[in-house]
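The structure appears right after this line, and notes come after that.
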Amino acid sequence: MLFRKRNERIRKIGGSTVNISLEETLRPLWKSTLYCGVLLDWCLPASSNSRFCRVLRYIGITISSSLLLAMLLFESTQLLLGIETAANIHAIIPNLLWSVPMLIAFAVQLYSLRHRNEFLSFFKKWRQLEMDIVHLNPHHVMCSSRRMHFMMYVTYVLMTMASLISLGLDIFNRPEATYLMSTYQTIRENVPLLLIGTIHLLSILLIWILTSLADFVPAFTYYHASLAVGCLENEARTLFSKRKYADDFQYSISSRLSLLAAKLESLPVKQSNLKPVATELEESIRLIWTRFEAIDEMVSRANSLFGTFMIYGQSGAIFFTTALVYSVLYNLSDALKLRSAGPSSDETINFEWCCRPLLIAMNLFGIPLRMHEADESISIWISNVFGWILYFMNVAAGLIMICIESEFENVASVNGEMIVNKRTTAWQWNSGISTYNAVGSTIAIQTVLLAITAVRWKELARVLHRMERINQFSPKEFSRFRTIFRLGLLVIIFMCVAVCFLSVSAYFDTGFLLWQMIFYSFQRFFIVFICLAVVLFICFGWMASTMMQLLGKEMTHFVSDPDGNARSQFDVLISKWNRHYFTIIDLVHQINRCFGCLLLVMVAPAFVRVINTSFHLMIDMKDGRWTIDVTVQLIVLFFNFVGFTFMANIPHRIRQEAVDLTKKLRKLHFEDYALQNQVNVLMMEISNSLPKITAAGFFDVNLQLIPTLIGTTLTYLIILFQFQTSEKR
C-alpha cells in the first residue's frame, strides 16, 4: 500500500500528467526476487512489515545461497577433474560454461547482501529526487510509455524459458555428462533423474535472475537518469523560449559580470547603479541546476554501486562469446581440415598424459606448449593468437600504469592515514622501483614464454618422446609424474585466486576509485604469468629429479638384493643405466636451455620484490601499526620467499640425486675385473657430467642464492633505512 501511494504522488502531479518511476520500472524484479535472497528488499523493506515476511526472507536467502554454493562447489570440482582428463581445451568448455555463471551469480548475491543498506539509501534518495523533479516540472513527462520496459521483460522471460527448456532437454538426454550430478552411476541409480534435473534447473533459474540483475538494474537506473536530465532540459528550454525571460537573463548576467569586474579592479561600484535582475528566472535556474547536481551525485553513487554489477555482467558476456566462438571454430576445423582426428577412446599413458593438467592451463593463458610437433590444430592457432593479444594488452597496461603512477600515489596519500609518515624520498624511490619492477617482470616473463620457451619446447618434447620409445618408465612411475603436475595445477588455481584477492584488496586499502581499481586489478592480473613460469619450471625440474631418484632406487635394489640372473647379465644392466642416465641428463640440458632465460627474468626481479616488500614492512612495523596493508605485504613476502626457495632447491636436488648415484655405484664390487671396470667408468662419467641449471649462463641457480638474497636484502634495507631516518630529521 505504501509503495502505491508513493508512486501515485509521482504519477499524478498536475492532474493528468503520468510519470513512471524507477520503482515501478524495477517492480517486477522486486516482486520476483523479494523472498529469494537475491535483491532482498531494496525498495520495500520486508523486515519492517511483519515477522512472517522477515522469516520468509531469511529462509529464501538461506536456501538460494546454499543451493548456489553447493552447485558451485560441485561444478568447480568437476572442472578440476575435467582439466586433468581433457585431451584439449575444447573438452572442458562445457564445464566452464556451467561453472563461470555460477561463480558470477554467487558473487552478485554476496555483493547484494553486503551492500543492502547502501542500496536502500540510494533508492530512497532517488525516489525523493524524482518527486522533486516532478513537482518542479508538473507539465513535463519523464517517462509515460512502458513499451521499452515491456519489451525488455518479455525478452528476458522468453530467453529464460528457452534456456530452461533447452538445458532441461540436455539434462534428460545426456545424464552422464560431466557437468551434471547424474554423471556418477551411484547417484543415477539411487536418485530419480527428475529430481536431479529439478535441482539443476532451479540453480539455472537463480543464475538467470542474478546475472540479469547485473544488466537490468544499472540499465534502467541510467535510463531514468537520462529521462530526468531530459525533463530538466525541457523545463530550461521552456524558460528561455520566452523573450522576456531571455532578455532578463542576459540582463542578469551582464550585471553580475560588471560587478565582478569592478571587484577585481578595486573600483567602487554602487549596487544601485546596476539594473534590476530577474529574480524569478534566477530562482528557476537555481532550482533546475540544484536538481541537475543532485542527478549528477546520484549517477556517481550509481557508478559506485552498480559498477561491480556491470563488471560481472560484461565479464560473463565476454567469456561466453569467447567460449562459443572457440567451440564453433573447433567444430568447423574438421570441414576446414585444420584438425587431425581426435584421440582414441583407449587413453595412452605417456608424458602427454602426465603433463596435460599443466599444459592445458598454460594454453588457457595463451602459452602454446604442445607435445606433438605435427599438432597444428585450430586450438593451437587460437592459443597463439590469444597469447599475443594478452601480451600486447600487458605491454599497454604496463606503460599506462607507469605513466599514471603518480596519480595512484596521490590517491593513496590522500586516503591513507599512515602514508604521511612514508612520503620521504626513499619511500618514493622504493615505490617507483616496485612499480617498474612489477610491470617489467610481467612483460619480460611473458615475452620469454612466448618467444623463447615456446620455441625451444620442441626439443624438450623430443627427449620425452625418446624416453617413451625406450620404455624407460612404467605406468606406475608415469602416475607419479602426473601427481606432480596435478599439484602444479592446484598451485596455479590458488595463485590466481590470491592474485585477484591482492588486486581487489588495493581498492579497500588505498581508497582507489572504481575505474582506478579496475585498471589496477587488470594490470596486476598479469602477475599470474610469473606464477605460471615458476610452476612450469618447478614441475619439470621436480620430474627430472624424480627420474634420477627412480634410477637410484633401481641401483639400490640391485645392491641390496641382487638377482643371480641379473648379475650374469650385468653388462646389459649397466648399459641400460648408462643410457637412462644420459637421457635424463639430456632432459635436464633441455630444461636448462628452455627455462634458462626464464630463470634470469624470474630471479632478478625476485630480489627487488623482496627488498621492496621488506622495506614497506619495516616502516609499518617500526611505527607499531598493524593494518590490512601490513598483512598483505607479509603474504606477498612469504609467497615470494617460498617461490624463490623452490626455484633454487630444484636444481640443487637434481644435482644431489646425480651425486647420490655415484655413492650407490661405489657399493657395487665384482671379482670380475671387466664388470668392475664398467662400474668405475659409469661412476667417472656421472661425476664428469653432473647436471646444473643456470640463469641463461649468467649464474648457477642453486641454494647458494638464498643466503645471497638474505644478505642483499639486509644490505639494501640498512641503506634505505638510513636515508629514511636522515630525511625525517
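For all residues, glycine too, the Cβ spot is worked out from N, Cα and C.
Copied over from TrEMBL:
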type: TRANSMEM; residues: 55-74; note: transmembrane segment
type: TRANSMEM; residues: 86-108; note: transmembrane segment
type: TRANSMEM; residues: 150-171; note: transmembrane segment
type: TRANSMEM; residues: 191-210; note: transmembrane segment
type: TRANSMEM; residues: 305-329; note: transmembrane segment
type: TRANSMEM; residues: 381-402; note: transmembrane segment
type: TRANSMEM; residues: 484-505; note: transmembrane segment
type: TRANSMEM; residues: 525-545; note: transmembrane segment
type: TRANSMEM; residues: 594-611; note: transmembrane segment
type: TRANSMEM; residues: 631-650; note: transmembrane segment
Any contact, the transmembrane segment (55-74) to the transmembrane segment (191-210), with at least 3 Cβ pairs under 8 A | yes
Which of 191-210, 484-505, 594-611, 631-650 shares the most C-beta pairs under 8 angstroms with the transmembrane segment (86-108)?
-> 191-210
Same-chain residue ranges lying at least 6 outside the transmembrane segment (594-611) that approach it to Cβ under 8 Å = 433-434, 437-438, 440-441, 444-445, 448-449, 452-453, 456-457, 459-460, 530, 533-534, 536-537, 540, 636-637, 640-641, 643-644, 647, 693-698, 701, 705, 709, 712-713, 716-717, 720
So what's near the transmembrane segment (305-329) in sequence-distant terms, Cβ-Cβ under 8 Å and 6+ beyond its ends?
-> 89-90, 93, 96-97, 100-101, 104, 107-108, 111, 115, 118-119, 122, 211, 213-215, 217-218, 221, 378-379, 382, 514, 518
